[in-house]
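Asks: Could you have a look at this structure, given as structure tokens, before my questions?
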Amino acid sequence: DFLCISLVNGFTQLRYNLGDKTVILQTLQKVHANGNTWHSLSAGRVGNEGYLDLDGINVTQKASPGMNALDTHTDFFVGGVSSLNLVNPMAVENEPTGFTGCIREIVINNRELKLTVTDPTGGANIGDCDGTDCGYTVCKNNGTCQVKNSGFSCSCPREWTGTTCEQSIHCLQNMCGSQALCIPQPSSFSYTCVCALGWTGKYCNNKIKFYIAKFVGNSYIKYTDPFYGKRDLQYSRLSLNFTTNQTEGLIAWMGKSENEDNDFLAIGLANGTLKVVINLGERISVPLMHSKYFTCSVGRWHFITVVQNQTCIKVYLDEELILFEDIDPQRKYTALNYGGICYFGGFETGRKVNTVTTGLFQKEFIGKIKDVVLFQDSKKIQLMKAEGYNVYDGNS
């Protein structure tokens with residue numbers, strides 16, 4: 001399998017092979033090879049349907065029946081490869097040669113690659129394309145970079161300050177405690193403090209303990225499973241108690257959620273019904289919906305357990321078996337490789353639930369969670385000792 005973007009006689013080409021045939025897309029127009037014109041390129045595939053967009057002019061190849069997963073386990077190369085004989089002969093039209101030119105702002109599956117000296121795993125013969133200390137996106141938040149004798153300086157929009165315009169003027173004199181994030185509120189010329197786990201109050205200066213976690217919509221807990229390395233991932237289990245009066249919300253997500261290839265098991269509410277989604281590989285997400293309308297009555301606690309026995313999924317609600325399904329009788333993937341990460345209520349600040357879950361769930365959770373148990377552990381998770389923000393004491 002491969003996916004390759006190349007230049008051929010001035011045209012941009014996308015070629016990919018998912019295991020059965022090579023698909024070739026080519027732009028309608030040529031690039032400017034004068035060395036000073038930037039082009040915007042977007043290329044990829046949805047299943048086996050490919051698209052290629054150069055400067056807003058799109059070419060799409062309709063999918064025909066066939067394989068729809070890209071199985072590659074190599075590094076991701078930009079501009080060239082460590083050895084040209086690694087390139088599949090079908091991936092390029094002519095003899096493979098390295099790229100000469102400038103590349104910036106590479107985004108793969110919604111994550112931008114940092115094209116710095118330290119972030120890539122390797123490389124050779126790369127220089128700074130800009131040729132100055134300004135480089136690319138040195139100044140944040142739409143700041144303008146100017147080259148100076150001693151390096152560079154940023155001219156910042158009026159609501160931002162700092163060497164690289166990284167600091168909001170509304171947070172300059174903030175009184176948030178050391179265990180807090182300052183979130184600027186430009187419309188009211190002020191700020192709010194977002195408290196880390198175990199802290200509360202307007203400025204997050206009051207220490208608290210809790211056993212019931214209360215989520216208010218911009219809250220999350222990220223728990224790292226210390227026993228992940230010893231787990232038998234073909235037999236996973238997650239159980240917890242929750243209460244809510246909302247019809248939408250992500251309750252729990254077992255998985256790293258770094259990119260769309262990560263395995264996951266998710267529990268949440270959609271249209272007032274309980275929804276469980278599991279992905280054991282190849283991005284085949286299988287949503288299981290509880291058929292009865294689920295009453296999210298205020299203050300009523302519900303106990304949910306999700307059990308994964310290879311590809312068989314059982315869901316218990318209030319100790320009644322409500323869902324039982326074999327999501328892949330072929331047993332192609334049988335383990336939940338969730339990376340030892342569990343999220344509750346949402347994801348990190350700035351990461352929206354509907355974006356991270358690609359629409360599987362619409363909103364962050366508003367409600368309470370307690371008594372979380374992983375696998376067959378004898379002890380509940382200590383949510384207090386995880387990472388998280390904006391979580392309150394559910395007892396009070």
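Here the Cβ of each residue, glycine as well, is placed from N, Cα and C on the backbone.
Note that TrEMBL annotation is computational and uncurated.
I grabbed these lines from TrEMBL:
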type	residues	note
DOMAIN	1-129	domain 'Laminin G'
DISULFID	Cys102-Cys129	disulfide bond
DOMAIN	130-166	domain 'EGF-like'
DISULFID	Cys156-Cys165	disulfide bond
DOMAIN	167-205	domain 'EGF-like'
DISULFID	Cys176-Cys193	disulfide bond
DISULFID	Cys195-Cys204	disulfide bond
DOMAIN	210-396	domain 'Laminin G'
Asks: To the nearest Å, how far is the Cα of Cys176 (disulfide bond) from the Cα of Cys204 (disulfide bond)?
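Replies: For Cys176 (disulfide bond) versus Cys204 (disulfide bond), the Cα atoms are 6 Å apart.
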Asks: Restricting to the same chain and to residues at least six past its boundaries, which positions have a Cβ under 8 Å from a Cβ of the domain 'EGF-like' (167-205)?
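Replies: Contacts of the domain 'EGF-like' (167-205) (Cβ under 8 Å, skipping residues fewer than 6 from its ends): 158-161, 218, 221, 349, 383-393.
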Asks: Which one is closest to Cys204 (disulfide bond) in space, judged by CA to CA distance, out of the disulfide-bonded residues Cys102, Cys129, Cys156, Cys193?
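Replies: Smallest Cα separation from Cys204 (disulfide bond) among Cys102, Cys129, Cys156, Cys193: Cys193.
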Asks: Including all protein chains shown, what's the count of other C-beta atoms within 10 A of the C-beta of Cys193 (disulfide bond)?
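Replies: For Cys193 (disulfide bond), the count of other Cβ atoms within 10 Å is 22.
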Asks: Just how many other Cβ atoms lie inside 10 Å of the Cβ on Cys156 (disulfide bond)?
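Replies: By my count, 21.
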Asks: Quick one: give me the count of other CB atoms within 10 A of the CB of Cys129 (disulfide bond).
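Replies: Looking across every protein chain shown, the total is 12.
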Asks: Quick one: of Cys176, Cys204, which of the disulfide-bonded residues has the smallest count of other CB atoms within 10 A?
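Replies: Among the disulfide-bonded residues Cys176, Cys204, the lowest count of other Cβ atoms within 10 Å belongs to Cys176.
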Asks: Helix, strand, coil residue numbers for the domain 'Laminin G' (1-129) per DSSP?
Replies: 6 helix, 44 strand, 79 coil
Asks: Looking only at C-alpha atoms, tell me how far Cys165 (disulfide bond) is from Cys193 (disulfide bond), rounded to the nearest Å.
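Replies: Cα of Cys165 (disulfide bond) to Cα of Cys193 (disulfide bond) measures 20 Å after rounding.
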Asks: Measuring Cα to Cα, tell me the gap between Cys129 (disulfide bond) and Cys195 (disulfide bond) in whole angstrom.
Replies: 41
Asks: Please list, for the domain 'EGF-like' (167-205), how many residues fall into helix, strand and coil according to DSSP.
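Replies: Residue counts in helix, strand and coil order: 6 helix, 17 strand, 16 coil.
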Asks: Among all chains shown, work out which of the disulfide-bonded residues Cys102, Cys165, Cys195 has the most CB atoms within 10 A of its CB.
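Replies: Checking each of Cys102, Cys165, Cys195, the winner is Cys195.
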Asks: Please name which of the disulfide-bonded residues listed here, Cys156, Cys193, Cys195, is nearest in space to Cys102 (disulfide bond), Cα against Cα.
Replies: Cys156
